[in-house]
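Reviewing the structure listed below.
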Amino acid sequence: MQEEILYKWNYDDFKDKKFKIPKLNMPWDYKFSPYFEEISLENREWIKGTKLISEESDFEKFVYLKTILMNSYLYPHCNKEVFRYINRLNEYIYIVDDFYLEDNVKGQEWVDELFDRNSKFVKENYIGSIMWEIFDDIISVGNDGATDYLIKKTHEWMDSVILFNSKKVNSKFTFEEYTNSRGVDVGMIFGLACTKVHIPPLCDEIENHPVYIDMLANYYNPIHLLINDIYSFNKETKSVRLGNYVKIAAYQLGSIQLAMDHLSKLFDEYIGKIQEKFAELEKIFPNNKDLETHLYIIKTIIACNFNCSTNPNYPRYYGEVLEAELKIINE
C-alpha cells in the first residue's frame, strides 16, 4: 500500500500492468440519434470552416476522434435541427477543451470575456463570435429560457475545467474529494442542459428542490466521472496527471486491477443511490409528467455515455492522445 503522498502518476510504479476493464452493470437502455449519418456529412466542413483548429494535422486528428458519435448517443431525442446545433456546440466545446483549456493556453479572464457578448473580445475574435452564433441558432429551434440555462451551464463547465487544472490532486484523495475537485468539468451537467432546449422545462419548485440538486451534484455527476475514468484510463496512462480516479485508487490499493474493481463497485453503489433519489423525487412530486420526462432523459444520458464509452469505434477513448494533450503530459 502507498504511504507517501504523490502528486504525479507513473505507470512504471506498477510491476503488474495487466488489468481487465470491468463490465459495468447498466440498468437502463441507450438510444442513438437517427440523424448521425446525415449530420456527419456536414460536420467536418462546419468544423473546418470555423478555423478553430489552425493546424491541418490537428484538424485531421480531431475529426478522427469522432466526437459526433458521442453527441449522437447523448442527444438521441433531438429533432434534426436541434441536433445539428447542439452537435455544433458540443464540437465547439471539445475543441476549446482540447486546444485552449486543457493545456492552460487560456485562463479564467479569457473565459469571462468569451461569455460577455458585448465585450470587445467577442466582437473582434471569431472564437467568441462562433460560440454566440451557435447559441443564437439553438434559440431559433429551441426555447429562450432553456438556452439561457445552457449558456450558464456552458460557462460553469469552462470554469470547472480551469479550476481543476489549478488543483493539486494527490494520491490520498477519497472519491468524494476527487469529485469535489473535478466540479462539473466532466461535462454531463452541460450535456443535460443541452437536452433541455427541446423538452418542457421543469418548474422552479422541482429544479431548485434540495433532493433534485443533491441528485445531480452528488450522484448523477459522479456516475459520469466513474464511466469516464474507467474507460478513458487506457488513453491516460502516458500522462503524469492524477486526473483520473483509477490512478489514485491504484496507488491506494497497490494494483491497477484492484482500482478498476473498486471503481466498478462504486458505480454500482452510486447507481443504487441515484435510483433512490429518483423514487424520492417521484414521491415528493407524484404524477408530474415533466419530472418523469427529465428523469427518463437523465437515465438515458447515463446509459448513452456508458454505451459510447464502451464502443470500440469511439477513438476518443480508444485512440492516441492529441498533440494538444501531449503538451501537458510531463508538466
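Glycine residues also receive a Cβ, built from the backbone N, Cα and C atoms like all the rest.
Your range for motif 'DDxx(x)D/E motif', going by Swiss-Prot and the list 97-102, 133-138, 193-198, 319-324, is 97-102. For the ranges 111-119, 201-209, 228-236, the feature annotated in Swiss-Prot as motif 'NDxxSxxxD/E motif' maps to 228-236.
Mapped onto DSSP helix, strand and coil, the motif 'DDxx(x)D/E motif' (97-102) counts 5 helix, 0 strand, 1 coil.
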